[in-house]
Amino acid sequence: MSSEFAGKDVVGRINFTGGFPDSKDFAPSLVFLIAYTITLPVLCMRLIRKSSRSLMLLRPCIFVSIRFSALILRIIMSKRDYGLNEIIAELVLISIGYIFLIDPFIQCWKRNVEGNVPVSSRPHWLKPLRLALSVLLIACVIVTIAAGAVTSDAFKSSSWLNVVQGLRETSYILTLLILVFLASITILTHFYFKLPASRTLYILIPTCCLFIVGIYRIIHGHTNGSDKPIKSKTAFWVLQMLFEFIAYLFVIAVSLPEYFPLDRPSSPAGISPTSEHKPLHHDQTVPVVTEYPDTTVGYRV
């Protein structure tokens, strides 16, 4: 068995979504690279404008950087020979990217509740839950990076191959569970607090797109045989790259801080309770009524 064949066998067992880059990857890689480039002015505008600038855009910026790197590397690999280092780099970049797209929608869900539910009725578990989900996403990123760090050892030892497979599958499953939970809690809070349908859909649609990506990655990893439809290039470019791009468009389509305002006053009418009965300052005087209406008008003596 040649070393090249053995290397391909190892990468196949690791679940290399998209397969080995070849000449067929050049055109779709270029198309998506152009598509992401076209969106850069919009993303930059969101970052520059004070009203739309937010930390929610930090992770989408990381995602775009990762996708640019993955697509450029894939274009290069489709046109020339490549080695183990390029394979590992592409594998990690493809695997880790879409995790950074999930957190903005977690924050949008939290802000959707905060912006439409008075403070007195707001659930106390809202912020801790959002924090827990974000921490789990960071854990997914760390696990994926750890899998990439030991991937080179998988080409030398079958035990390391099992470690890489276990780490990547853990990341895939945990990410998918986070997406399922996010969709479920979004629907539950929508009906319980009667939140605006448009904003709920704005969270659910990209979450479902990312859910499709997660399902594809797990099924791909448990499917044997390179001739299966799920292992095809078309499946990769549609079920992962396209649905990732759709979810990313939702991030930049609107100004997230304005579309999901952070807080709502505690008064149901949106008026501060203190506005109806403001205390008098020491230099203010109470007006004295000196004239009274004539109550005899309309009466005869």
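Every residue, even glycine, has its Cβ placed from backbone N, Cα and C.
Copied over from TrEMBL, here are the features:
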{"type": "TRANSMEM", "residues": "26-45", "note": "transmembrane segment"}
{"type": "TRANSMEM", "residues": "57-76", "note": "transmembrane segment"}
{"type": "TRANSMEM", "residues": "82-101", "note": "transmembrane segment"}
{"type": "TRANSMEM", "residues": "131-151", "note": "transmembrane segment"}
{"type": "TRANSMEM", "residues": "171-193", "note": "transmembrane segment"}
{"type": "TRANSMEM", "residues": "200-219", "note": "transmembrane segment"}
{"type": "TRANSMEM", "residues": "234-256", "note": "transmembrane segment"}
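A Cβ distance under 8 Å defines the sequence-distant neighbours of the transmembrane segment (82-101), meaning residues of its chain 6+ beyond its ends; these are 7, 11, 14, 16-18, 20-21, 59-60, 62-63, 66-67, 69-70, 73-74, 76, 137, 140-141, 144-145, 147-148, 151-152, 155, 168, 171, 175, 206, 210, 213, 217, 240, 244, 247-248, 251.
Beyond the ends of the transmembrane segment (57-76), by six or more residues, the same chain brings 18, 21, 25-26, 29-30, 32-33, 36, 39-40, 43, 46-47, 82, 86, 89-90, 93-94, 96-98, 100-101, 103-104, 244, 248, 251-252, 256 to within a C-beta distance below 8 angstroms of the stretch.
Using the rule of three or more Cβ pairs under 8 Å, pairs at least 6 apart in sequence, the transmembrane segment (26-45) is in contact with the transmembrane segment (234-256). Here the transmembrane segment (234-256) has long-range neighbours at 17-19, 28, 32, 35-36, 39, 42-43, 46, 49, 51-52, 54, 56-57, 60, 63-64, 67, 94, 97-98, 101, 104-105, 107-108, 111, 202, 205-207, 209-210, 212-213, 216-217, 220, meaning same-chain residues at least 6 beyond its ends whose C-beta is under 8 angstroms from one of its own.
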